[in-house]
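Notes follow the structure.
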């Protein structure tokens, strides 16, 4: 076998980062990203893009930490390069605050972010309803810039982007030797996974250029995340809700909650409503599988189900998916071991 043809299904941050990793690290292959929706119309485009991990119950914490560290290191390199503005990656400092002292005062990711420490009493005075807080510097990844940047990287490596709705992974055989499934919620239909479901997130994007520090309620529902062009105000976490239309009443509630944390937001302007459906699953599905139909076989690498935490671990999980793709290629080139895939 000479050139290996690889299809990546899905063009959110998981799909594009996986395609970019494969293009960068796997010699002798062609990569085609296939999706019915590309930026700016993906769920990832609604994401605030803050690197603060969301614990995934069925994914081992050491694995989550490794993915987060690899992602943080990857974006840190971009943030200190000439590419930072084009990629939409920058450092941001702020506070995560709690109404009661959390069971885990020092989270598993504390030594990955920069300058993690307990907030001082003077800092907490700014938030009178809160009794405990954490201060740190992390990274923000503006998906409106980062996704197009990843697309350019993929095309620059000879990859292709194809707008097409896939109804069945077998459609891609025999044109492609390996399929990487990064279809997020689409995996419910595409591979019949009943464990993946939507968690609806509604946010506001507002102009408030004077807001420089992030503020996040420890419960994760209310947050103020300043970015390069706008501040993201959140949010909601509505399990099983497929509605992509903004709810005006929810928007008012979100704005009110965020103004309680940062009263200067009352002066925010050019406010837009955004809705995304997070691909939630008890644990990320990152594994290889060989589909069999009659005498035909199709190697598949699954990489989906990151829920609210996709941005925070995208590069780490893309690296792991790439390692699995390499294993599939090795197997394809040694047919006698196909049954061991």
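Using N, Cα and C of the backbone, Cβ positions are placed for all residues, glycine too.
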Residue among 50, 326 sharing the FAD site, where Swiss-Prot lists 36, 37, 43, 44, 307, 311, 312 as binders: 50
For residue 307 (FAD binding site): DSSP state (helix, strand, coil): helix
Among 50, 311 [binding-site residues], residue with fewest other Cβ within 10 Å: 50
